[in-house]
């Protein structure tokens, strides 16, 4: 069994050395923006009383998750992109796999919870405060984080027990379940079935629930023949809908792709966007399209945020 603690080689994009230098700059800048943007949202959500609402409670959870998500993989990725050394220890790979699985699953569930929050806000506005109360918010957030932890506990050990090929070369830039399964020289039927089942439960089902929520929102808005109602619904849901589209499109490309070399190479780029791009764009999407967040930012600077029209 070659899964003994001797480490792995993360090939990443080593076949394109010039691309690696460009990616190093892009990933570093994205990581710095991720740290800045998500930390700012956490500060605003905590310090500004006007943002003490369920929507911003879930958004602060998402920002904290994104901070942990990128910090799990980006430092190792930058190290591998910068120089010829592409190694990662077995322990480092195990920890990265466990945390990455947990946080990725948590984000799937959390985005579903946020879609439910948007559904109640648009379809049952008069009952919003009664339905989405603080206790329920904490319970839903706890469920999301616990589901992520449970997924890692179930999926990580069988993946790490695979009989890995002696070359130990992972054709990816981080330790993920699909890339580790491809590294195995033994029978991976159980692992592939486990991955397929978990992908359906934790990716397809949550995405279906999100689509159902937005279908109900669309029907509710269409019954109201009002341009203002359309604008209000768009302001309420657009940021979350964009984040869902970016996140799930990249996740599906990584975990539900067909088995062929072209899909595998394409999956690496989608995986890079999934790990680095979406955590960078999330705070930008929510701040640039959200007047309340921008007003809270000006108030944090000691200015009258309500008078700003930016």
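Heads up, the Cβ atoms here are built off N, Cα and C, so glycines get one too.
TrEMBL: automatically predicted annotations, no manual curation.
Feature annotations, courtesy of TrEMBL:
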- 37-286: domain 'G-protein coupled receptors family 1 profile' (DOMAIN)
- 22-44: transmembrane segment (TRANSMEM)
- 56-82: transmembrane segment (TRANSMEM)
- 88-116: transmembrane segment (TRANSMEM)
- 136-154: transmembrane segment (TRANSMEM)
- 193-217: transmembrane segment (TRANSMEM)
- 238-257: transmembrane segment (TRANSMEM)
- 269-288: transmembrane segment (TRANSMEM)
Same-chain residues at least 6 beyond the ends of the transmembrane segment (22-44) whose Cβ lies under 8 Å from its Cβ atoms: 13, 51, 56, 59-60, 63-64, 66-67, 70, 74, 77-78, 81-82, 272, 276-277, 279-280, 282-284, 286-287, 293, 296-297, 300
Residues from the same chain, set at least six apart from the ends of the transmembrane segment (56-82), whose C-beta lies under 8 A from its own: 10, 12-13, 20-21, 23-24, 27-28, 31, 34-35, 37-39, 41-42, 44-46, 88, 92, 96, 99-100, 103-104, 106-107, 110-111, 113-114, 117, 134, 137, 140-141, 144, 173-174, 275-276, 278-279, 282-283, 286
Most Cβ pairs under 8 Å with the transmembrane segment (193-217), selected from 88-116, 136-154, 269-288: 88-116
Same-chain residue ranges lying at least 6 outside the transmembrane segment (136-154) that approach it to Cβ under 8 Å: 54, 57-58, 61, 97-99, 101-107, 109-110, 113, 116, 194, 198, 202
Per-region confidence, the domain 'G-protein coupled receptors family 1 profile' (37-286) (mean pLDDT, whole number): 88
